[in-house]
Structures are given as C-alpha cells and as structure tokens.
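Participant: Provided herewith is a single structure, encoded as structure tokens, for subsequent inquiry.
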Amino acid sequence: MTHQTHAYHMVNPSPWPLTGALSALLMTSGLAMWFHYNSMLLLTLGLMTNLLTMYQWWRDIVRESTFQGHHTLVVQKGLRYGMILFIISEVFFFSGFFWAFYHSSLAPTPELGGCWPPTGIHPLNPMEVPLLNTSVLLASGVSITWAHHSLMEGNRKHMLQALFITISLGVYFTLLQASEYYEAPFTISDGIYGSTFFVATGFHGLHVIIGSTFLIVCFLRQLKFHFTSNHHFGFEAAAWYWHFVDVVWLFLYVSIYWWGS
C-alpha cells in the first residue's frame, strides 16, 4: 500500500462478510424456530451476531475512509454505482410483493368469496394510523433533505438537528407500525390477504429500522466531525436509502391500505 500508484482501494481480508452471512442464517432459522416452536434462542443469537458484525464492519469502513483516506474520488464513484445498483435490486425485491398482492386482489378466486378483501377480513382504516404513518415518513423525507442541504452549506448545527428529527420520525413510524400490528383484526395466517399485507409492510418496516440504524451511525459520525461538504458519501447513501423507503411506503399505502381496503 505504501507504493500504491493508482486511486483504487485494495481492501484487506475481512471476516465480516462471513460473520454477516452466518448471522443471516441464524436469524432466518431463528424466525422459523420462533414461529413454529416458540423459541427465541436462535433468533437472539442471530441478532447479536448481526449487531456485532455491523458495528465492526462499519468501524473498519470509517477507519479506511475518514482516517486512512482510502476513499478517493474514484472509489467514491464506485461506491455510488454500488449503492444505486443495490437500490435497484431492492425495487425488484418489493416488486415481487406488489405482484403477489395485485395477482390475488384483481382476480380473487372463489375460495376468497370472489371479492377483495376476502370474506371475513376487516381491513384497517386507511384514514387513521396508516395516514399518520404516511405523513410521518413524508416529514422525515423533508428533514433528511434539510440535513443534506445544511451539510453542503457547512452548517453543522442545523445538519445535526435535521438528522435527529429524521431519526426520531423513523423510530416513531416503527412504534406506530408495531401498535398497528398488535391491534390488527387479522393475522399473517389469515389467507392470502394476511400473507401479502404482513410480508409487504413487514419488510418495509424492516427497511425503516435498517435506514434508522444507518442514520444513527451518520449522526454519531457527524458528532465526531467526520463529514465535510465535499466528502460525505456515507450520509449521501443513507439519504438515498431513506428516500427509497419513503417512495415504497407511498406505493404500499395507495395499493394495500387505500385501494386494497
């Protein structure tokens, strides 16, 4: 690395992809164990492994980018392309859930009563908690944009304030979603309606939690003066991801909550 004559970052061997894959296996197996055998041991182990992996992987990336200067303009360009491709893959991921929903709702089978929502299902009122959730996420989209503009202008105080507001709104959204799940008059086992509703909104909720974690890391980094107006890709990637989560929710709200009810 001392005699490097190019702008690319030759990454050192890292154990974190392996421990990350292991934690994913433990969490998915743990979910199955929790659903079928009411045991949370494997799920807890998976979550702990995942959190430790995230902490140490993020620590390495922060060290390489902020303190060692490995994230040159060329490397940042590659990271941008990577994040864009990741978000595109997420678009296709959610497209599958929308496909399942519309496939079932546009031509409901006789087993469902020939109608949508199926006979016996009482859907949630889209003008109550779901509408509040929509306004909360839209407000968070405004505040994350405010944070980005403040960072570009070098206004650290406003950037931290806006980022804190965004994180708070993300946590509030998660709490509202949890209360909605708790009070819902149907479950994930209530046929195709319950399956599509909880899988689509549940995966979106998981993405909100991931996005909130991403923003919390950015907030802690900004407290330590890691970002400048021309070197802040970590925050930029978090903002892109958050806007993606916002847009997915709008489609979910219109499709599943409003039209689907």
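Cβ coordinates are placed from backbone N, Cα and C, and glycine is handled just like the others.
So Swiss-Prot lists the following for this protein:
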TOPO_DOM  1-15  topological domain 'Mitochondrial matrix'
TOPO_DOM  35-40  topological domain 'Mitochondrial intermembrane'
TOPO_DOM  67-72  topological domain 'Mitochondrial matrix'
TOPO_DOM  106-128  topological domain 'Mitochondrial intermembrane'
TOPO_DOM  184-190  topological domain 'Mitochondrial intermembrane'
TOPO_DOM  224-232  topological domain 'Mitochondrial matrix'
TOPO_DOM  257-261  topological domain 'Mitochondrial intermembrane'
TRANSMEM  16-34  transmembrane segment
TRANSMEM  41-66  transmembrane segment
TRANSMEM  73-105  transmembrane segment
TRANSMEM  129-152  transmembrane segment
TRANSMEM  156-183  transmembrane segment
TRANSMEM  191-223  transmembrane segment
TRANSMEM  233-256  transmembrane segment
Participant: For the topological domain 'Mitochondrial intermembrane' (184-190), give the DSSP counts of helix residues, strand residues and coil residues.
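Facilitator: Helix, strand and coil residues of the topological domain 'Mitochondrial intermembrane' (184-190) number 0 helix, 0 strand, 7 coil.
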Participant: Before we move on, state whether the transmembrane segment (73-105) and the transmembrane segment (16-34) share at least 3 Cβ pairs under 8 Å, counting only pairs 6 or more apart in sequence.
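Facilitator: Checked: the transmembrane segment (73-105) vs the transmembrane segment (16-34), no contact.
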Participant: So which residues does the topological domain 'Mitochondrial matrix' (67-72) touch in its own chain, when a touch means Cβ under 8 Å and the partner is 6 or more beyond its ends?
Facilitator: 7-9, 79, 231, 233
Participant: Do any residues, 6 or more residues outside the transmembrane segment (191-223), come within under 8 Å Cβ-to-Cβ of it, and if so which ones?
Facilitator: 54, 58, 62, 66, 90, 93-94, 97-98, 100-101, 104, 112, 116-118, 121, 123, 137, 144, 151, 156, 159-160, 163-164, 166-167, 170-171, 173-174, 177, 181, 234-235, 237-238, 241-242, 245, 248-249, 252, 256, 260
Participant: Go ahead and report the DSSP secondary structure tallies for the topological domain 'Mitochondrial intermembrane' (35-40): helix first, then strand, then coil.
Facilitator: 3 helix, 0 strand, 3 coil
Participant: Can you work out which residues elsewhere in the same chain, 6+ from the ends of the topological domain 'Mitochondrial intermembrane' (257-261), have a Cβ less than 8 Å from its Cβ atoms?
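Facilitator: For the topological domain 'Mitochondrial intermembrane' (257-261), the nonlocal Cβ contacts are 101, 105, 116-117, 123-126, 130, 197.
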Participant: Grab the same-chain neighbours of the topological domain 'Mitochondrial intermembrane' (35-40) for me: Cβ-Cβ under 8 Å, and only residues 6 or more beyond its ends, written as numbers and ranges.
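Facilitator: Residues packing against the topological domain 'Mitochondrial intermembrane' (35-40) from afar: none.
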Participant: How many helix, strand and coil residues does the topological domain 'Mitochondrial intermembrane' (257-261) contain under DSSP?
Facilitator: 3 helix, 0 strand, 2 coil
